[in-house]
Amino acid sequence: MKQQTHPFWGTLGIVLVFYGMLIPALTMDWSMFIYEEIDRSLIEEDSGKLLVTAFAYISRNVLMFSMIFFGTLFLTRYFVKNSTTVRFQVVYAILSLMAVWALNFLYAEYYAYLPQLLTIGFILLFSTYLPRQRYFALTFLVLLILTTTSLQWLNLIPSLSHYGFGTNDLAVSLKAVDEFLTDHNLFSTIALVFFLIFFIIALIFTTLIHLFNKQIATLKLYQAQGKELQKTRNDLIESKVYQEMHTLVHDLKTPLVAIEGLLSLMEMKVKADDYKSKSYFSRINQSVVKMKEMISDILYEDIRKEIPAEELLDYVMSHLNTDDLPIDFEVRIEEAIPPLYVNKIRFSRAISNVLENSMIYLHDRGGKIKVDVTNQANRTCIRIEDNGPGIDQANLVHIWQEGFSTKNSSGIGLPFVKRVIESHSGSIEVSSEPGSYTITTITLPQHSRKEAIG
Amino acid sequence: MKKYSIILLCFVISLIVIGHHSYQASGKTTYMYPNLPAPIGKEPVLITSAGQTVEGGIVHKLAQQLHLDAEYRPRALATDLYEYETLVIVAGYSYNGLLHKNRRLAQEKERIVELMKEAEAEQVPVVIFDLDVQYRDYEESWEFLTMTLPYADYFIGKEHEVPPQNLMGMIHDYKIKSTFVNEIEDMKTPFNSVFR
C-alpha cells in the first residue's frame, strides 16, 4: 500500500526517538527508585519487593523501547513510501538497531542487542498481518507494546543470561539479588510466565486483527457486488420499461390513424354552413396532429424542432403537480431568447426531473424555486435554483451515477437528464451549499448553431 | 517469501548469537585454583564496592551469615581503613549505582586506587569478589578488576561460561590464590576460609 511521505511523519519519528533516548535521563528518579528497591529487597531479604521492582524495571524499558521503535516506524515511513516492501523492513531494522546503539553510546547501561533484535523480528512478522488501513499506526503501537513487554521479560530469565539477554546494569542487579534470595527460582518462573502471557496476547491480537480485516474485506467485496447487481437490475428495468413504453407508444399510432381517417370522413359529411361543427373538427384534427408529433418525439430521439422557451416551460409546468404545495415558483425568461431547438418531450422530461428533485425536498418545509432563462454568449442558459437543504459535497460527485440516490429512489433521474442534455450538445452543472441552496445550470447551443447539434 | 526475508534474518542472527554462546559454553572447563591453605585475614572486615554494584550488599549478607565482624561501606575511603584488618572489594561497574551514590567514574577509580595503595602500605589483606562480571562484561568493570587485582591476596569469583583470558592471565601473573564457584551461595566456603 502506498502511503504519503509527509514531513510530519519524519518530524514525529525524530521527536519520538529523541524522547525515547531521553527516557533514562528524564526518568532518573525512576531508575534510582529501581536501584534503591533492589538494594532494599536485598537488605530486607524480601523477594516480593524484588518482584515489584522487576515490574518497575520492565515498565521503564517498555516505555523507552516502545517510544524508540514507534519513532523509527514513522522515520522509516518517511524514507520508504511502501510499508509492505522488504526495503521498508530493512530500513526499519537498521534504524531501530542504530537507535539502540545510540542509547548504549549515550548511557553506559549496556542494553543487550539480542532481545531488541528479536523484538524487531517479531514486530515485523506480526505487522505483516496487520491491515494497512488508517488505524495501522495505532494497532502497530498496541502490538509493539505487547511484543516489547513480552520480550523484555526474557532479560530477567537467568538461564538466558548466557545467551546475551539481560546484560544491562539493572537486569544483572535484579538477577544477582534473585540468585541470592531465591536461587533464581523466582525470576525463572515469573519472567517465563509473563513472557508467555504477553507473547500469546500479541499472537491473539494479531490473529484477531487479521481475521477481522479479512471479514471487512469480504464484506466490502459483497457490498461492491451488491451495488453492481443493483446497477445491472436498474439497467434491466429501465431497458424493459423503455421497450414497453416504446411499444405502447408505437401502438398508439394505429388508433390515431383510424381516428384521423374517420374524422376526415365525418368532416366531409358536415354541412358547409355548420361552422361550429367544422371548428370542433378542426380543433380535434389539431390535437391529433399534436399527438402524432408527441409520439414521433418519443419514438425518435433525434427529432428536434424549434420551440420558444416560454412555451417549453409552460408545457413543463402544466405537467407538474404543484397544487396545494407550499412552494413558490418564479419563472423569468429574458427577452429576445431565440427558440430552443430540442426534442420537446424528452427535454421537457429532463427539466421536469430537475424540478421534481427540488420539489421533493421542499414538499414539507416549503420554499422557493426560481427558473431563469438567459442568453449567455450565443448559448441559452436555464438556471434552476431552490432554497432546499442542498447536497453534501461528498454526494455531489456521485449524483450522475446510475443507481445513486439519497432518497431510496431508482437513482436514474439525473443520469437521464444528463444524457438528454448532452444529446442536445448541451451541458449541465450542479452546485450546492448544504443547508442553503442547489443550483442546476443547463446550457444549450442556440438556434443559429443548430447545425452543430448531432 | 521475500517479504519474510528480513524477519528471518533477525531470527537467524539471534539463533547464531545463541548458538555461538552455547558452543563456547560447551565442553570447556575452568581451571580452578585450590582454596587457601591457611587463613589470611582477620576481623574486623571492611567490605566496599569498586563500581557501586548491588552485589556489594550481597557479599555483606554473606559475611553476616558467616557471623563475621564486617561492615559494608560502599564509599569507604583510604583513611577509613585504619580500623579494619581485612579489605574485601566487590568488583563490577554499575551505571545506576554510581548515579545513586552521586559519584563519577573517575572519582570512583581514584577512591579505589587510593584504597589499594593504603591497603598495601598497611599490609591489609585484600580479597576480591567477582559475582557477575561475566554478565557485567563492560569496559569499566574490567578497569576496576585491573586496578584491584595487583593488590589482591585472594580472588573469589563465579565460574564463567568462557574463562576470560585476561582475568586468568592476571590471576596467574600476580600469583593470586583464587576460587571459582558455581553459585553465590557457594562463595561462603572460600570466604569463610579467609578468616577461619
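Glycine is treated like the rest: Cβ placed from N, Cα and C.
In TrEMBL, annotation is done automatically, which means it is predicted and not curated.
Residues annotated as domain 'Histidine kinase' in TrEMBL: A:247-448. The annotation transmembrane segment is assigned in TrEMBL to A:12-35, A:55-76, A:88-107, A:113-130, A:135-154, A:186-212.
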*When only pairs 6 or more apart in sequence are counted, do the transmembrane segment (A:12-35) and the transmembrane segment (A:186-212) reach 3 or more Cβ pairs under 8 Å?*
no
*Contact set, same chain, for the transmembrane segment (A:135-154): CB under 8 Å, 6 or more residues outside the stretch*: 58, 61-62, 65-66, 69-70, 73-74, 83, 115, 118-119, 122-123, 126-127, 160, 165-166, 191-192, 194-199, 201-202, 205-206, 209
*Within the domain 'Histidine kinase' (A:247-448) only, compute the mean pLDDT.*
84
*asked:* Using a Cβ cut-off under 8 Å, which residues of the same chain at least 6 positions beyond either end of the transmembrane segment (A:113-130) come close to it?
replied: 65, 69, 84, 89, 92-93, 96-97, 100, 136, 139-140, 143-144, 147-148, 151-152, 154-155, 163-166, 202-203, 206-207, 209-210, 213
